[in-house]
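Asks: One structure follows; several queries about it will come next.
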């Protein structure tokens, strides 16, 4: 059986698993952040209870209580929230390995950015994944971690440096996913290395009849809050490969930071709403940032119109030599079992049908990935001129 065909199925199934587990993890994370922000003082005056909430959902009523530290005695059954996070990372890392490490020369390396062997790119990528967590964790455990405002500034500055570095080491698409993978690794490590171990120590103390150390609760809460602000930027990065106008520009690192800021502002707005506030400037600010990005990144519609449209025969020759290796019923490019997105460019009818999409990919220089087929600027200009002229058949 064809290896590329099996790889496509592996990508599909692992991506599906990643979506399922990611939804479960984000859902529980957002739920508990919202619950914490909407707790009411306990009606019965129990000194151990920090707050409670009554709610109705799915035809039933629920009564939740949060303890200041711990209940007087442990229940027989205690539900843990961890596997949602673990499997989100396992599936995401597997997908990252299949696509960005397994096909590094296509999706991670861009000779126009930095020409390096695929194995070097993989090593740099792995070092960034591990190094990001180590650096973040050390800062959080230091005295700096006791000042949330300062920690936020340091974190934002660090992400700016990482985004800039990634976009000057890897191709735009790979750089975005690298930052997303590093951020996701930090988020899951927060659960696996801080939140869950702290909860285990609290439970163990109660089983011994001892009072749990409150520092574990503080540390866990801190990391949980950090995760909630990182969620929306990571979700944007997950879908960014489909939108090359975000990562295929010289200012791609700034776009990544701006979108990340917008996501954090939107998340802060919902957190504030849960606390009974309505800071409309937060979503307005996020919308303004996105509007500026749309305006600043808009391609010049005149591109290609000043040049005379080449004859269609020349267009077809360029497409055949630079695009059809992937966009054919049976691609000849390694790693492709089927044409990407089902787009085939083998016949005149197919080329004219996909002219608008061809313009976007050529103009953003998103295709060919890593310029594997060595399309020249002159050839790009001819294709753009042909599309600008209305994609004439002759």
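Note: Cβ is positioned from N, Cα and C throughout, glycine not excepted.
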Asks: When TrEMBL marks a stretch as transmembrane segment, which of 280-298, 299-317, 318-336 is it?
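Replies: In TrEMBL, residues 280-298 carry the label transmembrane segment.
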Asks: Have a look at 116-136, 200-220 and point to the one annotated transmembrane segment in TrEMBL.
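Replies: Transmembrane segment, as annotated by TrEMBL, spans 116-136.
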Asks: Per DSSP, what is the helix/strand/coil residue tally across the domain 'Cytochrome c' (299-391)?
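Replies: Looking at the domain 'Cytochrome c' (299-391) with DSSP, the answer is 45 helix, 0 strand, 48 coil.
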Asks: Mind checking which residues of the chain, 6+ beyond the ends of the transmembrane segment (12-33), have their Cβ under 8 Å from one of its Cβ atoms?
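Replies: 81, 84-85, 87-88, 91-92, 94-95, 98, 224-225, 227-228, 231, 235, 271, 274.
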Asks: Go through 86-104, 177-196, 228-245, 280-298 and flag the stretch with the largest number of C-beta pairs under 8 Å relative to the transmembrane segment (148-171).
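Replies: Against the transmembrane segment (148-171), the leading stretch is 177-196.
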Asks: Checking distant contacts: for the transmembrane segment (86-104), what same-chain residues at least six beyond its ends satisfy Cβ-Cβ under 8 A?
Replies: 7, 10-11, 14-15, 17-18, 21-22, 24-25, 118-119, 121-122, 125, 174, 177-178, 181, 184-185, 188, 191-192, 335
Asks: Can you work out which residues elsewhere in the same chain, 6+ from the ends of the transmembrane segment (116-136), have a Cβ less than 8 Å from its Cβ atoms?
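Replies: For the transmembrane segment (116-136), the list is 100-101, 104-105, 108-109, 155, 158, 162, 166, 169-170, 174, 178, 181-183, 185-186, 189.
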Asks: Is the transmembrane segment (177-196) packed against any residues at least 6 beyond its ends, judged by a Cβ distance under 8 Å, and which are they?
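Replies: Cβ under 8 Å, 6 or more out: 80, 82, 85-86, 88-89, 92-93, 96, 100, 107-108, 125, 128-130, 132-133, 136-137, 159, 162-163, 166, 170, 219-220, 223-224, 226-227, 230-231, 233-234, 237-238, 240-241, 256.
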